[in-house]
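Engineer: The structure that follows is given in the form of structure tokens.
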Amino acid sequence: MAAEPNKTEIQTFFKRLRAIPTNKACFDCGAKNPSWASITYGVFLCIDCSGVHRSLGVHLSFIRSTELDSTWSWFQLRCMQVGGNANATAFFRQHGCTANDANTKYNSRAAQMYREKIRQLGSAALARHGTDLWTDSVSTAPSHSPEKKESDFFLEHTQPPAWNAPVTDLSETQQPAPSAESSGLAQPEHGPNMDLLGTSPKASLEPKTSLIGKKKPAAAKKGLGAKKGLGAQKVSSQSFSEIERQAQVAEKLREQQVADAKKQAEESMVASMRLAYQELQIDRKKEEKKLQNLEGKKREQAERLGMGLVSRSSVSHSVLSEMQVIEQETPVSAKSSRSQLDLFDDVGTFASGPPKYKDNPFSLGESFGSRWDTDTAWGMDRMEEKEPEVTVSSIRPVSERVTNRREVESRSSGLESSEARQKFAGAKAISSDMFFGREVDTEYEARSRLQQLSGSSAISSSDLFGDVDGAHGAGSVSLGNVLPTADIAQFKQGVKSVAGKMAVLANGVMNSLQDRYGSY
């Protein structure tokens, strides 16, 4: 048995192997400057991937350090010499093993075949070379060997024969294959003898070259198109750059479309605004012409109100088109219309203004229906001020409204106070019931009737209110016959408050109409 190599020989051997470009990166992850090796596959690994290989077991991968371990055998060195990252990559890809998971990859059929092949080639190299290392006398051969090795290996197994070279070249390269194998084994200075792996697959796959070339031409170009052994990264970067370029072009087109759509929308908006402005100018000129044609008082009123100068739309109302002077007429049937509405005012219909003391209908009588038909309980309504009609000339600016409202209230309160003085001029003392028209006798009469009927088993409304003839005669219905006095009082009070609120709301509507149409 030959002596084992010393530390110097081991360092020289691995220095030559690691100088090859394909061995400068980890076989599994591609990390730079790997310092560990898998003797089973003849590949170089980084420290992380070496730990993964250790976890697989020595029956699948035997790991050693190229820098720390000094007990290498000649068989192990020959396995590293005939192997290499490039040969392992080509073999795994050729047999369709592209998995990244270590368990899947090194338990596959391709890994088993490659382990057996490395063992056979290492044994043959050890038998031929023994303990000889590379010498400087044959250092000129490796310069030609890598080019021939890479070009022959990749082109022969990944592309059809018609693409690689003429038929004469293939026949020429096929014949010296055994001599290349023998020469590679005889001279270990040639580096990791790639021809040993390159020739045997060629001989076995030569009859099926065209079939393999037709099935996997594109995949072989993408995966092994580079000459440095890391073709996958190069091809993926090209594909990513192409996708990025297409994405940039699509983004530019989308931005251009958005800009064009926005520009068209702005142009259409500007055109519509110009058209509307032209229409407004035409309407303004028409209104100015109408204003110039007016005479005297009509023109002064139009200028004072500022109406008719500008028309908002084609259907807007203009005062200048049909301006007429409205003369206020004195209403003749004020009393009759008031008497017709007494019934509705009494039950809570909406009054024309806020509630006043003279509108309080809480005076009690024998029958509310009979009292509503008389004028004695509503004597104060005769002196009520006639409400003026609302016209365009009677509308005043906003600044004068508070003063006008106060004037109306002071005027009504003055009328009430003067009427009360005339009514109670000779009285020494008056009460609130007398002032507001409440009669105490009626209340006393109602209480006396209740006392009389306290012992009876059943009473009717006619017995309670003393309206026997009315119950059986005319058949008229009044609130006094339906609801008690207290409920009627509460009901009327609520209706009066609602009527007051509605009057205020109506006044606000008129003021808003004045504000809106008074600015034109």
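Just so you know, glycine gets a Cβ as well, placed from its N, Cα and C.
Model, not experiment: these values are computed from the prediction.
What Swiss-Prot lists as N-acetylalanine is Ala2. The domain 'Arf-GAP' annotation in Swiss-Prot covers 11-127. Here Swiss-Prot flags 26-49 as zinc finger. Summarising the annotation, Swiss-Prot assigns region 'Required for interaction with coatomer' to 97-520 and lists similarity to another entry as the type of evidence. According to Swiss-Prot, the phosphoserine annotation covers Ser145, Ser236, Ser239, Ser311, Ser333, Ser339, Ser363, Ser367, Ser431, Ser432, Ser512 (among others). Swiss-Prot lists 159-240 with the feature region 'Disordered'. Among the features that Swiss-Prot reports, compositional bias 'Polar residues' is placed at 170-185. Feature annotation from Swiss-Prot assigns compositional bias 'Low complexity' to 220-232.
Provide an account of the burial state, proximal residues and distances for the features listed.
Structural biologist: Listed by sequence, the residues of this chain that lie at least six past the ends of the zinc finger (26-49) yet keep a Cβ under 8 A from its Cβ atoms are 17-18, 60-67, 76, 79-85, 87-89, 102, 111, 114-115, 118, 122, 192, 230, 233.
In this chain, no residue six or more apart from Ser239 (phosphoserine) has a CB-CB distance below 8 Å.
A coil conformation is recorded for Ser431 (phosphoserine) in the three-state DSSP classification, outside any helix or strand.
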Engineer: Determine the mean pLDDT over the region 'Required for interaction with coatomer' (97-520), rounding to the nearest whole number.
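Structural biologist: Result for the region 'Required for interaction with coatomer' (97-520): average pLDDT 63.
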Engineer: Counting Cβ atoms within 10 Å across all protein chains shown, which of the modified residues Ser431, Ser432 comes out on top?
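Structural biologist: The residue with the most neighbouring Cβ atoms within 10 Å is Ser431.
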Engineer: Looking only at the domain 'Arf-GAP' (11-127), how are its residues distributed among DSSP helix, strand and coil?
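Structural biologist: The composition, in the requested order, is 65 helix, 11 strand, 41 coil.
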Engineer: Report, as a single number, how many Cβ atoms besides its own are within 10 Å of the Cβ of Ser512 (phosphoserine).
Structural biologist: 10
Engineer: Any idea what the Cα distance is from Ser432 (phosphoserine) over to Ser512 (phosphoserine), rounded to a whole Å?
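Structural biologist: That comes out at 39 Å between the alpha carbons.
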